[in-house]
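Scroll down for the structure; my scribbles are underneath it.
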Amino acid sequence: MESITSIEMYVADRNAEWLGVPRLVLMENAGAAVARNVLRKFPTAKRILVVCGTGDNGGDGYVAARHLHAAGRTVRVIALGEPREELARINYQAVTRLWGVEVKAAQLPLELLALQDWFMWAEVIVDAVLGTGIRGVLREPHATAIELMNISPAPKVAVDVPSGLDPDTGEVRDKAVRAALTVTFHKAKRGLLAPGAQRYVGELVVEPIGIPPEAELVVGPGDFAYLNFTRRADSKKGDHGRVLVIGGSLEYSGAPVYVALAALRAGVDLAVIAAPEPAAYAAKAISPDIIAIPLEGPRLSTKHVDKLASLAERFNVVAMGPGLGVEEETQEAVRELFRRLAGKRAMVIDADALKALRGVRASGAVVYTPHAGEFKALTGAEPPQSLSERMAVVREQAAALGGVILLKGRYDVISDGVRVKVNMTGTPAMTVGGTGDVLTGLVAAFLTKTSDPLEAAAVAAFVNGLAGEDAAAELGFHITASDLIERLPRVIRRYAFESIR
């Protein structure tokens, strides 16, 4: 049986909406599925109690109550507080307008105990209290609600996950509803299949609710949930990411600047460029926000490796490649530095550095960001035109390299050798030079906010494309990489903080 973690389910739910399937429709389908299974398993039961929490699980319960009432059952609902989610609130209001459904609020344990006769009255109890929303030790009124449900002789039907059961591990830290039937949605939550969970789960039914398979494949707003954008009140400089950019040469000084500025706009505290002298001095002149450390000479060479390896110890992430050039001494320096840092620092490899690392296997968190030509230089493989074939090739080559590949294109394809994601944001206006450097800076920044390099790369591609779309909507096709950088904070703010739950 296919399974999914709670965060993967959250992501799929949000991304389904991004693809055009409203979450209100998903909630309606979920609640209707619960009601349908209650009627199937307990066809003679007439009196049904639905206990609803304050989140989306409670919203599913309100929908189920409405459908059970429509099927001719006598339904009572206990609301454990005002719904805190808008969709749950809509369905709460809908069920309270039904004359035939009795709804009572019970936010305190004493208020629940006063309704103990309702628990004994029921022939079936629907548990819509927590679902996948459990976090740590049970709080009130949830603990009392679970206890009263378990005391009742009526069989329990759990909505998505029995309340109190960890959806990812199947562990029960305190107490959990002992269900005769669990109706879960889209895919089985991993904890439902864990050894020892069966006595709480009972019969397990997986119901489709309209989430398309693309919701798990396509990058969307839900993927922000993998990144941590929160900040403690007592945060200090450096707590939120330090990125070292190794790039630039006599001929190319702008590329590392784009990387560093994008990383700063994506929320890192410190972005430092280590570049050959001409590029370092140019970077200092371009922006006062950037610290630039000059490396002796016109281009990177092996004589700089010791200094750079030592410098990298002060940073979370190293981004290497933009503007370095392809001279043999530079390519050799890239290979040596890559080997020195492998497994010790997260790395983003882009542009000229990609050409130096063909056949060099990665260890640790490494993200490669090639376009089609660089992909061939890195792997020896030609990326196919067909999206499905391209996905297969990127996954195969990522597995061979031991890192994450973000293959840029009309649709960006991202894989760690096992999982594959596709980013659909972007615009033809982004063919202008420098947008790939902005992407490198975003990947570097997001590697400081998650331990999952695939998701760091996926969200970076998503944000980069949205920034390009925003710039093109305002300016047409005549945009620059600087226009993207300017819009990054607004794009990130639009989606990041909805994911903090």
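Going from the start of the chain as shown, residues are counted 1 onward.
Cβ atoms are placed via backbone N, Cα and C, with glycine included.
If you look up Swiss-Prot, you'll see 1-221 marked as region 'NAD(P)H-hydrate epimerase', on the strength of similarity to another entry. According to Swiss-Prot, the domain 'YjeF N-terminal' annotation covers 9-217. Summarising the annotation, Swiss-Prot assigns K(+) binding site to N57, D127, S163. Summarising the annotation, Swiss-Prot assigns (6S)-NADPHX 1 binding site to D160. Positions annotated as domain 'YjeF C-terminal' by Swiss-Prot: 220-495. The (6S)-NADPHX 2 binding site annotation in Swiss-Prot covers G323, D437 and rests on similarity to another entry. Marked as ADP binding site by Swiss-Prot on the basis of similarity to another entry: 408-412, 427-436.
Structural mapping of features recorded in Swiss-Prot.
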residue : record                     : Cβ within 10 Å
N57     : K(+) binding site          : 26
D127    : K(+) binding site          : 32
D160    : (6S)-NADPHX 1 binding site : 27
G323    : (6S)-NADPHX 2 binding site : 29
K408    : ADP binding site           : 23
D412    : ADP binding site           : 25
P428    : ADP binding site           : 10
M430    : ADP binding site           : 24
G436    : ADP binding site           : 22
D437    : (6S)-NADPHX 2 binding site : 30
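Here G434 (ADP binding site) comes close to G254, A255, Y258, T480, A481, S482: these same-chain residues lie at least six apart in sequence, with C-beta atoms under 8 angstroms from its C-beta. D412 (ADP binding site) and S163 (K(+) binding site) are 39 Å apart (CA-CA, integer value). The secondary structure of S163 (K(+) binding site), as reduced to three states from DSSP, is coil rather than helix or strand.
Across the structure, G436 (ADP binding site) and G323 ((6S)-NADPHX 2 binding site) are spaced 12 Å apart at their Cα atoms.
Neighbour density for S163 (K(+) binding site): within 10 A of its CB lie 29 other CB atoms from the protein chains shown. When Cα-Cα distances from D437 ((6S)-NADPHX 2 binding site) are compared across the binding-site residues N57, K408, D412, the shortest belongs to K408. When secondary structure is read from DSSP and collapsed to three states, N57 (K(+) binding site) falls in the helix class. The K(+) site is defined by N57, D127, S163, and by the 8 Å test on Cβ atoms against their centroid, the other residues of the chain that qualify are V51, G53, G61, A128, V129, L130, G131, A158, V159, D160, V161, P162, V177.
Between the alpha carbons (Cα) of R410 (ADP binding site) and G323 ((6S)-NADPHX 2 binding site) lies a span of roughly 23 Å. Ranked by Cα separation from D160 ((6S)-NADPHX 1 binding site), the binding-site residues D412, P428, M430 are led by D412. DSSP assigns G434 (ADP binding site) to coil, not to a helix or a strand.
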